[in-house]
Amino acid sequence: MSCTKGSCFPPVVMTASRSDSLVVLFGATAGAYGAKLGSDERELILLVWQVVDLPGKKVGTLHKSLVKADNLELSDQCREVSGLTPEGLGKAEPLDRVLQQFIQLVSSDLKVLGRSSYTLCSDGQLLIRQVLHPETSKKNFLLSDCFYSFYDLRKEFHACYPSSATVKDQTIKTMAEYLGLGTDETEEDFGVWQVKTMVAIIFSMLSESCNHIFTEPETVKYKYETGPCSKSETVDNETVIRARGLPWQSSDQDIARFFKGLNIAKGGVALCLNAQGRRNGEALVRFVNSEQRDLALERHKHHMGSRYIEVYKATGEEFLKIAGGTSNEVAQFLSKENQVIIRMRGLPFTATQEDVLGFLGPECPVTGGKEGLLFVKYPDGRPTGDAFVLFSCEEYAQNALKKHKEILGKRYIELFRSTAAEVQQVLNRYMSTPLIPTLPTPIIPVIPPPYTIATGSIRDCVRLRGLPYTAGIDDILEFMGDATADIKPHGVHMVLNQQGRPSGDAFIQMKSADKAFMVAQKCHKKMMKDRYVEVFQCSGEEMNFVLMGGTLNRSGLSPPPCKLPCLSPPAYAAFQTAAVIPAEAALYQPQALLPAARTPQASAAAPPTVTYYPAQAAQLYMNYTAYYPSPPVSPTTVGYIAAPPGAVAAAATATHTPILPQPGALVRMQGLPYNTGMKEILSFFQGYQLHTDSILVLYNFSGQPSGEALVTFPSLDLAKKAVAEKNGQLLGGHCVELYLV
């Protein structure tokens, strides 16, 4: 084996202010070692350390402690190099207990040596930055302050001996060989040789011929600092990465937590928005130097909750395009440091600063009062309905997020966590180009009222599932063959996913239930290009539910999350046909694309989609570019997402006929005990005129209860009363939260 024990698991050394004492610390994980330590997310299984009195050149007791990992499976390399076994580790203490013992034993040894303080130092960056900080962050306990400052022994050695190998190529063994230290790693237990050799190297550096002084330790930032970024800044290409696959609810603090141990530049997290203004699951992250960026690349496919995150190189130009701003107003707004940013969406256009402050109330005071509000406007000064708000602490921000979907004026307001980079992006979008372009003039200007999507229970629609992602409406018409003559005007609806791309689904409204039945029988499992397509009959009601963001299949229906739908491609040219235009074939008016004044029931109807005009229609051109400024869901959840939100999970249903919420006002329940059924919910809302058809208990993707439910009240007033009176009350020992949907 070419790798020696000395290069397998980088050790660490600790020192004090002005280097009064050092504590040599060595660690190993259950997986990769050497230059790949920490790259596989494996847990720490071993710590070895020894206190060194620098002025007196004395050492304390050498300590070795095994660590019990959650996963005791060891890699073959780890077994061979360390000699450790799962059986031996099974008797050890968990990491938090070992670190407590470490602090106590170090303090005791320092007292014996007559010293009182120390500072960390390692033969590399990996044990501290790539193992200890990420693992303790995932396990939700805090590291002692001593782990936020350390010396990199490789860097210190190269500074003391410039003719030695480069820092990147240094190992404990190469440093020992350079000094001619005659140590034999086979004579000592694993970890003991590394610590003893590091002590010998340090004493050589402290000799009269070198007289090396440890003065400038490496630092690990305690937390991510927010801040503005100007387009005039110079951003080094070697300091930026692109992270992909992020949960939709991720905030900049969540991303900083994913990169815990690495130093992100101030304001260095920029969440990316797609062409529709939605977060696309990507972020650009700027680090303080190229060394930190290279360490970040080693976290490729590490996990945030249950999702793995891809990490790639990016450029400074890409970062500035997303995060850079030119507005003095924005720069002044973001100049207040360490603030939590909340975005408000859907404000009445007449809303004033006083209205917003009154809506938020005294329980979530805005930083600086009116100075902590930033209204987003069009270039001509018209309000967009968006605003950003600053809060001084997480508690105030959480209080504000609880007001999600509450009413201001006649509109419900969406609130979710935001970032400085998102403020810049939104302002840049609104101020640069029109977000909702006007429609081109039709060739034949016939503009009767547009068709609306049917919402009845008659099963006169079909769903196509599993379409090739490159499929267009022309492919669908060819797939349906002669049945295209039975499609209603404006009857083809392409469905996009949360990234604004084709989802592989489409809905088609037929002229009758019989026609829909015949199409489903004839075309089910028929091939389109290289894929077979599932076709099944459904109702307009079910179709609308999916277009609102829910999911539908042969066995059940999953309700939509609290979000706007994402429908239809950005542009579509209808087909050229005969020269006669019937009255029902029409272009949508430009105002049809503008955000409608929303009410609490606004989510009950889907907005217009790009549609197919039947064979009688002449050639008409459409350009549907709707702008959705918010993320695909309302990200009021803070921290990692370990499982999909219950509101988008499959609803439990015993029949093939889904139970849809009845007309009325919808209330969302969160925090329910997992064994809660309809009987318990009816009892909870006793006196509110509910019945079993009013309740939809939600389940996660594994079919387990999610702790959430949707409840339909007969009226908005009754729903508001229920939220006001029952929010925060206990059900089965759990505090239940209620929100208007």
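Cβ coordinates are placed from backbone N, Cα and C, and glycine is handled just like the others.
Predicted-model confidence for the domain 'RRM' (239-316) is 90, expressed as mean pLDDT. According to TrEMBL, the feature domain 'RRM' maps to 239-316 (among others).
The domain 'RRM' feature in TrEMBL is assigned to 340-420 (among others).
According to TrEMBL, the feature domain 'RRM' maps to 665-741 (among others).
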For this session: Helix, strand, coil: count each for the residues of the domain 'RRM' (340-420), based on DSSP.
Result: 21 helix, 31 strand, 29 coil
Exercise. With DSSP helix as H/G/I and strand as E/B, how many residues of the domain 'RRM' (665-741) fall in helix, strand and coil?
Worked result: 21 helix, 28 strand, 28 coil
